[in-house]
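Worksheet for the structure shown next.
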């Protein structure tokens, strides 16, 4: 297998740059450039030289001996000054060495997966950690990256393997008396796994929302102050405001960090009866996005709801323009003076935080589908046991459930998703 190298830090000028080398010839490459290497898991300050002996830079050099490295292979890292010229010179020297090539996106992590340094869920957690923009995203990604889902899968797997082994006993003793009735223990094991999977499945929606962001739609009649509220929340002129009704015709989105939660606030077209075909399209889009939103803020000006809009239990009704229309409403705001905005934001954050609290460790659609498939197989197995089906058919259902669970951590049937996952990594990962 080729030895690979890449810049592990962000490209461009910086105080420090990190260049990573991994593979069987990593130590040789390190010695060629640095004149020698420190002991494994140690660091030393060395001059890096080109093939003519000229100094390229003075850098911290680290060596990691297989399997105690990120990839599980021999690895060398150079921590250099973050000059593009220095990195280009080092890349040129490494490219000229036999058996070395530039890494593909995510190739270091792919090797870590292949060498069992991490499972597939941890790989996804690492990708999410790199992309995390808010505190909630960081915490969730770190849980996945730390292997929490893999630990759960291993517990579920042990219970299923135990249940299958017990059932196999009844086949082995088909013509003899089975030493003991195994079905009570089998049913207990399957019940426990089913209960755990149901709990994990219940938290997938919240976990996915944390990854992608919650959506909060602002609804109301034209000129009620929806765009003004969006601009106040964004702290900038994200949407055009005008006294002309129907100014907003498409959905305007603003990404916010509300108490660590990723939230996309949607400014929508004013809801009213209109003959304007373009405005009608905008209103239809507004209603569609509002239906799929996690939370709706409904602005009212005269105490009346916009035509055709029903109110859900979790909607937040807000009296707008409180600077000119005094109100005793729980949520009365003025986007001009800022009155009531903090109270509204806290209410939104609180309601979304309650939903986020139910998030599990299964954070991707792939995880949810695999768990759902495993639950379906377990339900079939339990039904067949209760109806007296042949044991072989029950075992086959349990085996399918096991395959579904093992796909969560990349043991089986995930080759088709690897390229998509690793394509989103940078070269140095």
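Every residue gets a Cβ built from N, Cα and C, even glycine.
Features of the protein shown, as given by Swiss-Prot:
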BINDING   20, 77, 117, 429  (6S)-5-formyl-5,6,7,8-tetrahydrofolate binding site
BINDING   223, 242, 244, 247  K(+) binding site
BINDING   223-228, 242-248, 267-270  GTP binding site
BINDING   227, 248  Mg(2+) binding site
DOMAIN    213-353  domain 'TrmE-type G'
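Recorded features from Swiss-Prot, shown on the structure.
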{"residue": "20", "record": "(6S)-5-formyl-5,6,7,8-tetrahydrofolate binding site", "Cβ neighbours (10 Å)": "25"}
{"residue": "77", "record": "(6S)-5-formyl-5,6,7,8-tetrahydrofolate binding site", "Cβ neighbours (10 Å)": "23"}
{"residue": "117", "record": "(6S)-5-formyl-5,6,7,8-tetrahydrofolate binding site", "Cβ neighbours (10 Å)": "18"}
{"residue": "223", "record": "K(+) binding site", "Cβ neighbours (10 Å)": "21"}
{"residue": "226", "record": "GTP binding site", "Cβ neighbours (10 Å)": "31"}
{"residue": "227", "record": "Mg(2+) binding site", "Cβ neighbours (10 Å)": "23"}
Whole-number Å distance separating the Cα atoms of residue 117 ((6S)-5-formyl-5,6,7,8-tetrahydrofolate binding site) and residue 226 (GTP binding site) is 50
Quick check: in three-state DSSP terms, what is residue 227 (Mg(2+) binding site)?
helix
List the Cα distance (Å, whole number) between residue 226 (GTP binding site) and residue 20 ((6S)-5-formyl-5,6,7,8-tetrahydrofolate binding site).
50
Is residue 20 ((6S)-5-formyl-5,6,7,8-tetrahydrofolate binding site) helix, strand or coil when read with DSSP?
strand
